[in-house]
Amino acid sequence: MSIKTQLLDINGMTCGACVRHVENAAKEVPGVKDASVNFATEKLKVSYQPEKFKIEDLTAAIKKAGYEGYPEKTENSKTFGVKGMTCAACVKRVEDAIADVKGIKSATVNLATEKVRITFSDNELDLSDIFHVVETAGYQLVEAGEEESENKKNIELKRQFTSLVVSIGFAIPLLLIAMLEMVGIPLPDFISPMHSPKTFAVSQLFLTIPIIFCGLHFYVKGYPALFRGHPNMDSLIAIGTTSAIVYSAFNTVLILTGRTDLVMHLYYETAGVIIALIKVGKYMEAVSKGKTSGAIKKLMGLQPKTAILVKEGKESIVPIEQVVPGDVLLAKPGEKIAVDGTVLEGRTSVDESMLTGESIPVDKTAGDTVTGASMNQTGTIRYRADRVGKETALAQIIQLVEEAQGSKAPIARMADIIAGYFVPVVIGIALVSSSAWFIGGAEISFALKIFIAVLVIACPCALGLATPTAIMVGTGRGASLGILIKGGQPLEIASRVKTIVFDKTGTITEGEPKVTDVIAFNGFEKNDVLQFSASAEKGSEHSLGAAIVKEYEKLDTPFHQLNDFAAVAGRGIRAKVNDRNLMLGNIEFMTENNISANDIPEADILSKEGKTVMYLALDGKLAGIIAVADVVKSDSADAIAKLHKMGIKTVMLTGDNKLTAAAIAKQVKIDEVVSQVMPGEKAENVKQLQADGSFVAMVGDGINDAPALAQSDIGFAIGSGTDVAMESAGIVLMQNSLSGVVTAIQLSRATLRNIKENLFWAFAYNTAGIPVAAGVLYLFGGPVLNPMFAAAAMAMSSVSVVTNALRLRYFKPDEGIQYPDQNIKSENKETEMKTKINIDGMSCMHCAKTVTEKLNGVEGIFSTTVNLEEKHAIVDSNSPVDEALVTQVITDAGYKVLGIEAHKQ
């Protein structure tokens with residue numbers, strides 16, 4: 001059962017209720033399997049069964065619901081394999097041939113994967129036209145499943161190896177017969193050029209014939225391409241080796257008729273060794289290219305093959321392909337989650353590192369979502385299948401990475417243009433240079449050497465592989481780090497970013513209020529303040545009340561009895577808890593009820609830090625205060641400090657008031673703050689930052705920030721592990737932290753640097769190699785390049801490009817990164833200090849996370865690193881830490897401080 005998708009522009013929506021109305025109306029249409037509305041972009045996306053679905057029914061249903069729906073003109077994409085390509089000239093030929101077909105929007109060929117990705121309009125294109133034009137161009141378009149394709153690649157690799165062994169097996173004796181006499185080692189009389197010239201010539205001919213058959217594909221592909229007017233690398237090899245073979249065969253015939261003086265004018269070894277060496281290079285290149293797609297293979301290997309289906313109380317193991325949305329599945333400890341779904345019953349922790357790169361397991365209970373291919377660790381759960389097949393997060397990640405690896409970076413455009421003219425120009429240079437030497441008085445054998453050397457040394461392959469191999473490996477490495485880069489263009493732009501704009505809520509901060517401070521007065525204990533407040537707020541739906549309840553639940557002690565409850569708008573709540581009159585609210589609430597709470601310095605300090613302070617009164621007496629805030633993520637300050645060191649300016653846009661915004665900015669040392677910004681104004685702020693022509697990135701959650709993400713040069717969607725198809729962002733970060741932004745930029749810079757290195761060496765090799773092969777050095781008393789050495793150099797140039805790209809597989813964040821200006825600091829940057837805190841009682845990653853969050857909440861501390869083995873935490877601060885405060889924070893968290901040591905960096 002095939003499922004397709006359709007996008008519609010929706011007019012008339014004004015709020016969240018409209019979103020639900022449109023989605024519900026769409027889901028009632030026959031054939032529609034799912035419908036989701038993006039309010040920010042005003043688009044509806046439906047998944048449907050083509051055999052049951054009619055677009056007219058959908059637009060009618062939307063209109064009946066009170067809205068207008070307009071189908072987007074569907075632009076589909078499809079990927080094919082391409083057989084027969086050997087170099088960058090082939091790439092341009094295939095792209096140009098497909099681009100001329102009616103209905104084609106774009107065609108992008110990747111030489112490294114031997115695939116072409118086309119985008120087209122459904123109603124304008126006949127796919128058979130594409131097959132026809134590609135075949136006419138001399139190549140073959142194929143459709144194949146991944147497993148079949150991989151199997152064919154392995155068979156082809158084995159065939160290449162066998163052909164390589166045979167060609168080398170004949171090339172070695174051929175080279176020995178031809179060259180030993182020249183280096184002073186005599187051959188046996190029966191094959192010696194002096195005693196048996198005919199045998200000498202004929203033996204080389206017969207040794208060359210098997211090598212020619214091993215390299216027959218060079219001729220089968222090269223000459224037709226030449227005759228069509230679009231010569232490629234095969235054409236260069238075919239012309240060069242044919243010239244050597246024909247010249248040698250002609251001389252062999254003359255030798256057999258008695259012209260023994262021509263015995264030293266045979267070049268069979270040149271043709272044979274050239275073919276053998278190029279086959280060595282091509283085999284090594286094929287092996288290396290296979291490694292570049294390792295990330296995709298690894299992702300595909302994560303998908304479980306079976307699932308445990310629970311039906312009518314019975315469990316059965318079924319193939320993953322048979323699971324449909326709505327099925328109830330079971331996952332036991334140590335088993336993978338089969339598909340994306342929602343937990344129905346049970347508790348467990350799940351390792352989602354395959355998706356996010358985060359090694360800490362995530363607790364799951366009823367109502368939580370689980371992701372297919374993640375590892376269930378501690379408990380047995382039952383869950384409902386929600387998304388299966390190509391709709392799962394893993395499948396979408398694989399698709400996104402495949403599309404990225406098949407894309408091109410803008411930097412590759414020049415190489416593509418040059419590649420289109422490269423081979424004809426090389427043939428022209430070979431003809432001109434060899435003719436010039438012959439006319440100038442050189443022997444025909446010398447001119448032939450020049451001709452063959454120029455043809456063979458030229459390497460359009462290196463040009464064609466320089467960019468795609470680096471992009472493949474770079475985006476693949478990104479995926480393994482939880483960073484999904486949507487193509488070559490986002491990757492290149494990210495490497496050039498000079499300013500990054502951050503949303504505050506959910507990006508720099510956690511996105512939900514948490515209790516940060518509890519202070520007791522008048523003989524009450526902290527736990528009393530928290531217990532009474534949480535007992536009163538237990539039934540409240542307010543986010544501040546929910547934060548207090550959540551904090552209290554950590555103590556694992558019972559709530560007090562709640563009798564009466566009343567909310568006072570804009571002030572707080574009244575309640576009767578354990579037969580005591582309780583009031584919890586703001587300072588105005590206390591003042592209006594004659595409760596003295598004005599002169600509390602702690603409350604003033606907390607308010608200046610941007611925290612919301614709530615006062616608790618019991619029986620008319622102030623019992624304590626509770627501060628609640630949307631706390632900064634544990635790694636935000638560290639990530640922003642690294643961006644500053646990389647020469648990147650940071651800006652925070654937020655709708656919060658100036659006090660809260662300034663407090664958050666101070667904690668993370670951000671360069672510039674713009675507060676009280678409406679969601680619709682964020683895009684305009686980004687536009688202003690772009691006015692000087694610099695590249696500006698936007699980091700947000702991809703929903704309310706969609707306009708700003710679209711306006712920016714490159715958008716980062718953060719914390720979107722289960723929604724990877726975010727249209728507004730060029731880079732999706734699976735982890736909900738800013739460290740991914742730093743890693744993504746470092747990776748993009750490393751990849752672009754790798755591409756530049758590849759292009760430099762590809763151009764430098766050809767620029768220097770062709771003149772040497774043409775005999776320029778010989779004019780000034782230097783050597784003449786032997787065509788065999790030219791072939792070896794050509795073969796190795798492609799291998800070196802691919803090998804250089806493979807270095808990106810070992811990219812590590814922060815390793816080997818060169819910062820352009822170490823003196824660039826944020827406006828608020830002060831002298832940094834490191835403080836070591838020895839802590840007793842930490843035993844697991846949850847302890848580490850708790851300690852990190854608590855210490856990062858202390859003013860002045862902007863990053864914390866916990867070492868569980870050595871039982872200590874290292875904190876970075878801009879001034880000496882308050883040891884008493886740090887000790888109190890750690891003690892309140894349930895641990896014990898054994899010692900504190902500080903020093904300046």
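Every residue gets a Cβ built from N, Cα and C, even glycine.
What TrEMBL says about a protein is an automatic prediction, not a curated fact.
Per TrEMBL, the feature domain 'HMA' maps to 4-70, 76-142, 833-898. Taken from TrEMBL, the feature transmembrane segment applies to 161-180, 200-220, 232-250, 262-281, 418-440, 446-467, 759-781, 787-806.
Using a cut-off of 8 Å between Cβ atoms, the transmembrane segment (787-806) and the transmembrane segment (446-467) share at least three residue pairs, counting only pairs 6 or more apart in sequence. Highest Cβ contact count with the transmembrane segment (262-281) among the listed stretches 161-180, 232-250, 418-440, 759-781 falls to 161-180 (criterion: pairs under 8 Å). Summarised by DSSP class, the composition of the domain 'HMA' (76-142) is 22 helix, 25 strand, 20 coil. Secondary structure by DSSP for the domain 'HMA' (4-70): 22 helix, 24 strand, 21 coil. Mean model confidence for the domain 'HMA' (833-898) is a pLDDT of 81. Cβ atoms under 8 Å from those of the transmembrane segment (161-180) belong to residues 186-187, 191, 200, 203-204, 207-208, 210-211, 214-215, 266, 268-269, 272-273, 275-276, 279-280, 283 of the same chain, restricted to positions at least 6 beyond its ends. Packing against the transmembrane segment (418-440) from elsewhere in the chain are residues 87-89, 91-92, 96, 231-233, 235-236, 239-240, 446-448, 450-451, 454-455, 458, 460, 463-464, 766, 770, 774-775: each is 6 or more residues past its ends and has a CB under 8 Å from a CB in it.
Secondary structure by DSSP for the domain 'HMA' (833-898): 22 helix, 24 strand, 20 coil.
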